[in-house]
Amino acid sequence: MDKFIIEGPTPLKGTIPISGSKNAALPLMAAAILGDSPTTITNVPKLRDIYTFNNVIRVTGTHVNFDEEAGELSIDPANLAHLEAPYELVRKMRASFYMLGALLGKFGRAKVSLPGGCAWGPRPVDLHLNGMREMGADIKLEEGYVIANAPKEMEGGTFTLDPSSVGATINLVLASVLRAKEFTIKNAAKEPDVVLLCNTLVEMGADIEGIGTDTLTIRAVDQLEGITVRNAADRIETGTFMIAAAMHPESDVTLTGADVDDLGHFPEVFEKTGADMTIKNDTIHIEAPDQINATNIETQIYPGFPTDLQAQWATMMTQASGESSVTDTIYYDRFSYVPEVTRLGADMDVDENTVNIAGKTPLKGASVMSTDLRASVSLVLAGMIAEGKTDVLRIYHLDRGYEDLEEKLTAVGANIRRAGQEE
Ligand SMILES: CC(=O)N[C@H]1[C@@H](OP(=O)(O)OP(=O)(O)OC[C@H]2O[C@@H](n3ccc(=O)[nH]c3=O)[C@H](O)[C@@H]2O)O[C@H](CO)[C@@H](O)[C@@H]1O
Ligand SMILES: C=C(OP(=O)(O)O)C(=O)O
């Protein structure tokens, strides 16, 4: 198991290229299974979750070829015959549960393990299952597996997501595009990852109404064809590096290849910190403020502040002048980074689903432990501005979701190296 050794503090100066999005690529990969011919996805990042999902897909007999140099993933479902996603793989990442919608939609049968993924608290899948039941599928749970069966044509119906769910919207769209007469999802997720999936399916031949709104109506078509589609830039990586660029007063960073339209309200909120931000096409230039303004945030569904950026934001707020609060309304328990950032010297206190932060506190290097993907990257952000040596242990979480993280940050002046954990 690897760790990062970070020597700080270091300002960041230079250009960071943004990678393709993990969370946008995964649903596209599942959608490729629905096609009757091969699909090619470009701008795919080299991430552990992508490799894991490749293996999940391969178990079914689908041919998957990842040209890592070109970032091109080719998926040919011609020989797909085994309608199962096993526990050993699905437990490693939550999005492999998309196999349920994809296999049920295409073949009317699926056996898929209940999912894993970042585990900061309960992450139920009741909406995925009840939505499929509403559509007309028979869903049973047996020994940790979901066993799903559906007739050639399901009647469909209307299902309201409460709360709105990215994963459930994706699974229900995948399950219905080839098999439900007419199915309406209310309070559907509008996250860019969902919009890209729906637009891709339409290009493959699907009939989906209401894309980009919170009501999606899907009418089954007879078949879908494979296409070539470009994956989006990673909006969470973009936000993470914007925050990183604001944390040291001498930092001056340019992000290239960003999909700015996918950032929702984040840039407006970010400007409240006092950072100087200039956006031009796919380039975002950030100059850190001399002093960060304390800025409260509350996570919301898109286009609101993403839960996947709240840990990084709270970590930045340890350097703001005065008190601030970060409230997560999507995941109430997503605060495992708090005791770790506190070990570095932060003054943070969790009260229900809010962390209250008193700034500005100097941070000092120590050993800290990553507990999930976004918690891990927050510890890297803290380590880069902490005085002395910070060891971030268990960085395998980071390898799930940040492509070439240490290379990208080292190239702009950070002092980070990867080492075996016993070193
Ligand atoms: C691979 C991927 O894209 N992961 C993202 C996806 O996760 P994921 O799709 O798992 O998250 P959801 O949007 O489903 O979760 C939103 C809320 O719905 C609840 N819920 C969800 C499903 C369900 O069946 N029942 C239920 O109650 C969840 O507990 C949570 O409170 O969206 C999250 C919210 O933007 C992000 O943090 C994750 O990074
Ligand atoms: C939580 C995340 O991923 P997952 O839903 O796969 O656990 C994430 O990308 O921040």
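Including glycine, each Cβ sits where the backbone N, Cα and C put it.
According to TrEMBL, the protein has these features:
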| type | residues | note |
| --- | --- | --- |
| ACT_SITE | Cys118 | active site, proton donor |
| BINDING | Lys22, Asn23 | phosphoenolpyruvate binding site |
| BINDING | Arg94, Arg123, Pro124, Val125, Asp126, Leu127, Asp308, Ile330 | UDP-N-acetyl-alpha-D-glucosamine binding site |
| DOMAIN | 7-409 | domain 'Enolpyruvate transferase' |
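Taking only the Cα positions, the spacing between Asn23 (phosphoenolpyruvate binding site) and Arg123 (UDP-N-acetyl-alpha-D-glucosamine binding site) is 16 angstrom.
The 6 Å Cβ screen around ligand 1 retains Val125, Asp308 from the binding-site residues Lys22, Val125, Asp308, ordered by sequence position.
In terms of local Cβ density within 10 Å, Asp308 ranks first among the binding-site residues Asp126, Asp308.
In this structure the residues listed as binding UDP-N-acetyl-alpha-D-glucosamine are Arg94, Arg123, Pro124, Val125, Asp126, Leu127, Asp308, Ile330; their two most distant Cα atoms lie 22 Å apart.
Counting in whole angstrom, Leu127 (UDP-N-acetyl-alpha-D-glucosamine binding site) lies 23 from Lys22 (phosphoenolpyruvate binding site) by their C-alpha atoms. Proximity of the binding-site residues Val125, Asp126, Leu127, Asp308, Ile330 to ligand 2, judged by a Cβ distance under 6 angstroms to any of its atoms, singles out Asp308 in sequence order.
Here the C-alpha separation of Pro124 (UDP-N-acetyl-alpha-D-glucosamine binding site) and Lys22 (phosphoenolpyruvate binding site) works out to 21 Å. If you count neighbouring Cβ atoms within 10 Å for each of the binding-site residues Lys22, Arg94, Arg123, the highest count belongs to Lys22. Same-chain residues at least 6 positions away in sequence with a Cβ under 8 Å from that of Ile330 (UDP-N-acetyl-alpha-D-glucosamine binding site) are, in sequence order, Pro163, Thr299, Gln300, Ile301, Thr307. Rounded to the nearest whole angstrom, the C-alpha distance between Arg123 (UDP-N-acetyl-alpha-D-glucosamine binding site) and Lys22 (phosphoenolpyruvate binding site) is 19. Cβ neighbour count within 10 Å across all protein chains ranks Leu127 highest among the binding-site residues Val125, Leu127. Among the listed binding-site residues, namely Asn23, Pro124, the Cβ with the most fellow Cβ atoms inside 10 Å is that of Asn23.
Classification of Pro124 (UDP-N-acetyl-alpha-D-glucosamine binding site) by DSSP places it in coil, neither helical nor stranded. Under DSSP, Ile330 (UDP-N-acetyl-alpha-D-glucosamine binding site) is assigned to coil, being neither helix nor strand in the three-state scheme.
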